[in-house]
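Contents: one structure, followed by commentary.
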Amino acid sequence: MMSETFRDRVVLSLMKFLLFALAIVCLLPIVLAISASFSSETAIAMNGFSLWPRDPTLETYRFILSDKLGVIAKAYGVTIFVTLVGTIISVAVTTCYAYAISVNHFKNGNRLAFFAYFTILFNGGMLPWYILTTKYYHLNDTLTGLFVPYLMNVFFMYLQRNYFKSIPAEITESAQIDGAGYFRIFLTIMVPLSKVSLVTISLFYAVQYWNDFYLPLMLTSDKDLYTLQYMIYNMLSNIAYLATSSDKSMLTNANLVPPLETAKMAMTCLTIGPIVLLFPFLQKYFVKGILIGSVKG
């Protein structure tokens with residue numbers, strides 16, 4: 001008995017150490033990005049990145065936020081709009097589809113479930129997708145084109161479907177005996193009992209829309225529709241992007257080095273900041289939703 005207790009303690013200590021090491025590995029890039037964003041461009045060029053800002057300065061953030069063309073503000077507005085509207089519509093579509101295939105007496109439920117699962121295994125390819133979205137749906141250079149192609153994630157749908165199936169059937173059967181139809185059961189019983197899972201998939205969708213740069217890359221040529229992530233993508237592809245878009249009057253001083261590398265880190269911090277600040281408040285729903293939604297398949 002003593003040997004088993006000692007072994008359990010060793011295993012537990014080892015697991016804690018591994019989780020701590022993993023947390024450090026995950027936090028290190030964020031710390032380096034924050035540190036670099038408050039460092040001068042010259043210090044980064046000469047000494048590289050560090051855990052603490054070298055030659056601390058706010059010049060990079062002044063350089064970014066002084067944009068007279070409003071590029072950053074427009075990108076923030078587009079990103080927030082796409083995230084909010086896309087998340088609301090996606091959660092509604094996903095929840096309705098999940099409820100339809102979770103109803104045992106729905107004769108087409110298995111067909112709809114297979115149809116959704118089939119899209120995980122196979123897709124039409126990039127070229128047919130692009131032709132469909134641009135030539136037939138006309139989603140190019142539109143705000144709707146930044147969220148309509150992602151309206152339903154099959155993985156999130158199955159997560160919600162599993163949650164619906166974990167709700168005791170006696171509840172819905174009692175409602176049916178009292179004369180409630182499927183639509184009323186869905187709105188008055190299933191949705192209120194699924195708040196945890198709804199918050200979970202809402203968080204998933206919000207992060208997906210907030211971090212997406214693929215749809216702007218494929219469907220957008222209008223700079224007024226650029227998202228924050230697509231701006232960062234442009235900066236990584238062309239390091240002079242921010243310098244050509246921002247207030248050039250700041251560069252008239254011959255001694256001022258344009259904050260190009262530090263600007264990338266500052267843009268990264270401005271992009272991940274809202275998600276990092278929001279996640280702690282939704283963490284309990286995030287964990288509960290995954291655990292409860294996976295109990296019954």
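Going from the start of the chain as shown, residues are counted 1 onward.
Cβ coordinates are placed from backbone N, Cα and C, and glycine is handled just like the others.
Curation plays no part in TrEMBL annotations; they are all automatic predictions.
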Fill in: TrEMBL annotation (transmembrane segment) - matching range among 32-51, 112-131
112-131
Worksheet item: Which residue range, 11-28, 227-244, is the one TrEMBL calls transmembrane segment?
Response: 227-244
Worksheet, complete the sentence: Long-range Cβ contacts under 8 Å made by the transmembrane segment (75-100), restricted to residues 6 or more beyond its ends, are 106, 109, 112, 116, 143, 146-147, 150-153, 156-158, 160-161, 163-164, 186, 190-191, 194, 198, 201-202, 205-206, 209-210, 224-231
Discussion item. Given a Cβ distance threshold of under 8 angstroms, which distant residues of the chain, six or more beyond its ends, lie next to the transmembrane segment (265-282)?
Written reply: 30, 32-34, 36-37, 60-61, 64, 72, 199, 203, 206-207, 210-211, 228-229, 231-232, 235, 242, 259
